[in-house]
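Participant: Sharing the feature lines straight out of TrEMBL:
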DISULFID  Cys181-Cys185  disulfide bond
DISULFID  Cys224-Cys257  disulfide bond
DOMAIN    1-294  domain 'Peptidase A1'
Amino acid sequence: VLLAVFALSQGTEITRIPLYKGKSLRKALKEHGLLEDFLQKQQYGISSKYSGFGEVASVPLTNYLDVSNIVDIQQTVGLSTQEPGDVFTYAEFDGILGMAYPSLASEYSIPVFDNMMNRHLVAQDLFSVYMDRNGQESMLTLGAIDPSYYTGSLHWVPVTVQQYWQFTVDSVTISGVVVACEGGCQAILDTGTSKLVGPSSDILNIQQAIGATQNQYGEFDIDCDNLSYMPTVVFEINGKMYPLTPSAYTSQDQGFCTSGFQSENHSQKWILGDVFIREYYSVFDRANNLVGLAKAI
């Protein structure tokens with residue numbers, strides 16, 4: 001998964017999975033000179049090619065997810081056999097656990113959470129995510145909503161397309177002026193995306209409004225001394241305002257600040273990634289096809 005799972009609770013109805021940044025299995029095997037031997041000893045079926053991840057084989061997972069009877073031991077996963085680029089070479093994760101709708105799943109495979117729902121292994125057909133701002137104590141809760149991770153009330157947003165967790169954003173404003181998503185747009189809530197991603201023209205408007213300047217690598221830099229003077233960016237979703245302060249939409253590293261907004265040239269959809277989820281506790285309700293949002297602690 002994107003963040004290494006170190007512990008699972010013993011319950012079979014409400015499962016809380018603490019998420020921590022940790023060394024991936026692949027990296028650990030490689031450091032000890034065991035990776036090549038491990039891969040050679042495994043026997044897998046015919047693979048299929050997937051854009052961005054090379055060749056992926058569907059195999060029955062018989063150990064790792066067989067915990068407290070939460071998942072069928074025949075849960076099918078995709079195993080990469082060839083990988084272009086260096087995505088998994090330097091990443092601190094072993095793979096990606098898909099939690100979207102089954103319409104996005106590979107042929108003949110049932111997503112993990114759908115297996116849980118089908119076997120009535122969760123108290124409710126929903127899961128929720130709290131993402132710690134420091135990246136140390138995040139939490140994935142299966143089958144329940146944990147009020148200790150948010151303040152106020154949850155605001156519910158209808159899912160518009162049952163593929164990704166997609167919904168309508170009414171507008172994006174700064175100081176009451178629409179700077180993006182004029183007339184409404186579609187957005188996806190995605191824990192697997194680190195930034196706030198949107199159409200190039202919208203993102204450029206926002207970068208200019210917050211005073212970000214593009215560097216030679218294509219990233220947008222921000223003067224760290226200006227954070228206290230920068231504007232709040234507000235997403236209006238289903239009639240409710242979700243403000244993001246400068247400290248929320250910028251990242252700081254060794255005295256340098258960069259914008260948390262990123263452009264996408266090939267899609268008109270927005271992706272509300274970790275920048276947004278760190279600020280707003282997120283509930284993914286499959287039973288009612290809703291997304292719930294509340295201010296995170």
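Even glycines carry a Cβ here, placed using N, Cα and C.
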Participant: CB neighbours of Cys181 (disulfide bond) within 10 A?
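Facilitator: Cys181 (disulfide bond) is surrounded by 22 other Cβ atoms within 10 Å.
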Participant: Just counting, how many other CB atoms are there within 10 A of the CB of Cys224 (disulfide bond)?
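Facilitator: Here the count is 13.
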Participant: What's the CA-CA gap between Cys185 (disulfide bond) and Cys224 (disulfide bond) in angstrom, rounded?
Facilitator: 31
Participant: Measure from the CA atom of Cys224 (disulfide bond) to the CA atom of Cys181 (disulfide bond) and give the result in Å, rounded to a whole number.
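Facilitator: Distance (Cα to Cα, whole Å): 27 Å.
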Participant: Mind checking which of Cys185, Cys257 has the fewest other CB atoms within 10 A of its CB? They're the disulfide-bonded residues.
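Facilitator: Taking Cys185, Cys257 as the disulfide-bonded residues, the minimal 10 Å Cβ count falls on Cys185.
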Participant: What three-state secondary structure does DSSP assign to Cys257 (disulfide bond)?
Facilitator: strand
Participant: Would you mind giving the whole-number mean pLDDT across the domain 'Peptidase A1' (1-294)?
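Facilitator: That stretch averages a pLDDT of 82.
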